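**Student:** Starting off with a structure, shown below.
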Amino acid sequence: MALLGNFLCCLLVAWLCGPGLGVPLAPADRAPAVGQFWHVTDLHLDPTYHITDDRTKVCASSKGANASNPGPFGDVLCDSPYQLILSAFDFIKNSGQEASFMIWTGDSPPHVPVPELSTGTVIKVITNMTMTVQNLFPNLQVFPALGNHDYWPQDQLPIVTSKVYSAVADLWKPWLGEEAISTLKKGGFYSQKVASNPGLRIISLNTNLYYGPNIMTLNKTDPANQFEWLENTLNSSLWNKEKVYIIAHVPVGYLPYATDTPAIRQYYNEKLLDIFRRYSSVIAGQFYGHTHRDSLMVLSDKNGNPLNSVFVAPAVTPVKGVLQKETNNPGVRLFQYKPGDYTLLDMVQYYLNLTEANLKGESNWTLEYVLTQAYSVADLQPKSLYALVQQFATKDSKQFLKYYHYYFVSYDSSATCDQHCKTLQVCAIMNLDSMSYDDCLKQHL
């Protein structure tokens, strides 16, 4: 199946016959003192997706495997059809929620073998997704971050300018200023003040430079000088009394589903955490994607005192490997913050029950949970989340059972997490550096 032949089809999906939307369930009568922004991630468009009798030909992203139960909004062995992505953005547009901006943390192309893509195709996919967002939200400032699949070959994002960096810099000009465009072209990262919130700066990092499979950065102590740039930018924000939200694709810390596996190379992880700790008074939140799951982390200092709240958002794509039992329902989320100091107050997670949507032929995006209500916490501050995770660690914790259900975006209510699984989850949430993480594993495994 040729990927290139399907892009116009995606872009020309009739806007007039968009999917049906459910009524948003988030509280509508908010005080005007609360600001809001959306977070979407891991769209992973598969333009080849189509319903056909031959289940091996439904989508390129199944890599020849039989799609399990394909419908108009996708299949768990396939990346997102355009109709699924459009339904997510249509829901956001028609949700009735007022938002100041949106963050979009990368990965637009599908999971397909390297020979099935090219630099040109990757740029076309990112263009498609960017145009979709700009057409639906012409007046909303959007802050993108590049993902490891937003390049060809995948994962190999370079430390110098490239066709992809130049292309996205041009595509994202409506949202970014000249200085941001300049650093984006050079290294795939940038910082930008939020137009509607002048005291808030978004720092969009290219953490793909630190990703294990990226051979372009092997043995480089500061790829693209991003560490030096980050420290200078945070120091400037400190002096200018700005607050900062960090966004990126690949998160810091350890993967919660694997033993002793940092999401990025250990040296880079320790270096980033050191910078984040030193500027924790400036950083008001960190937001990532990449894992396709809903998880959180709390960055603490060397003495275990909580400093920063870290959120990893679930994907829009529902794709999983043939041998994987669990996957995620598609999800998007809304954060609430306090204007002025940009303290994070709450998070509202929405999702699409993919099985139900395919059966009914319409997308009923609905509320999954409101974080403070689900866990009975006051806000999203590091101390509040740290106390919550201490509850997760207790034996037979109902709070953790709830967390693990939401981890898969309510995909499978029968999913269980044994003691080993729980230890990996809790250690990853509370311990982002190698020393504290290893100590946690030794203590509990």
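For all residues, glycine too, the Cβ spot is worked out from N, Cα and C.
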**Student:** If I go by Swiss-Prot, which of Asp107, Asp170, Asp222, Asp274 binds Zn(2+) 2 at the same site as Asn148, His249, His290?
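**Tutor:** The one candidate that Swiss-Prot places in that Zn(2+) 2 site: Asp107.
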**Student:** Looking at Swiss-Prot, which one of Cys17, Cys78 makes a disulfide with Cys59?
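**Tutor:** According to Swiss-Prot, the disulfide partner of Cys59 among Cys17, Cys78 is Cys78.
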**Student:** Among His50, His292, which residue does Swiss-Prot name as a further Zn(2+) 1 binder in the site formed by Asp42, His44, Asp107?
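**Tutor:** Swiss-Prot names His292 for this Zn(2+) 1 site.
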**Student:** Pick out which of Cys17, Cys417, Cys440 Swiss-Prot lists as the disulfide partner of Cys427.
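**Tutor:** Swiss-Prot says the disulfide from Cys427 goes to Cys440.
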**Student:** Looking at the recorded positions Asp42, His44, Cys78, Asn128, Asn219, Cys421, which ones sit with their CA no more than 10 Å from the CA of His111 (ATP binding site)?
**Tutor:** His44, Cys78
**Student:** Measuring Cα to Cα, tell me the gap between Asn66 (N-linked glycosylation site) and Cys59 (disulfide bond) in whole angstrom.
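**Tutor:** So the Cα of Cys59 (disulfide bond) lies 9 Å away from that of Asn66 (N-linked glycosylation site).
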**Student:** So among the disulfide-bonded residues Cys59, Cys421, Cys427, Cys440, who's got the most Cβ atoms within 10 Å?
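**Tutor:** Result of the Cβ crowding comparison: Cys59.
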**Student:** Please name the residue among the binding-site residues Asp42, Asp107 whose C-beta has the most neighbouring C-beta atoms within 10 angstroms.
**Tutor:** Asp107
**Student:** Quick one: give me the count of other CB atoms within 10 A of the CB of His149 (ATP binding site).
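**Tutor:** 26, counting other Cβ atoms within 10 Å of His149 (ATP binding site).
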**Student:** How big is the ATP site in terms of the longest C-alpha to C-alpha distance among His111, Asn148, His149, Tyr257, in angstrom?
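**Tutor:** Value for the max Cα separation, rounded to a whole number: 21 Å.
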**Student:** Sorted by position, what residues of the same chain at least six away from Cys78 (disulfide bond) have a C-beta under 8 A from it?
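**Tutor:** Listed in sequence order, they are Asp46, Tyr49, Val58, Cys59, Ser61, Ser62, Ala67, Pro70, Pro318, Val319.
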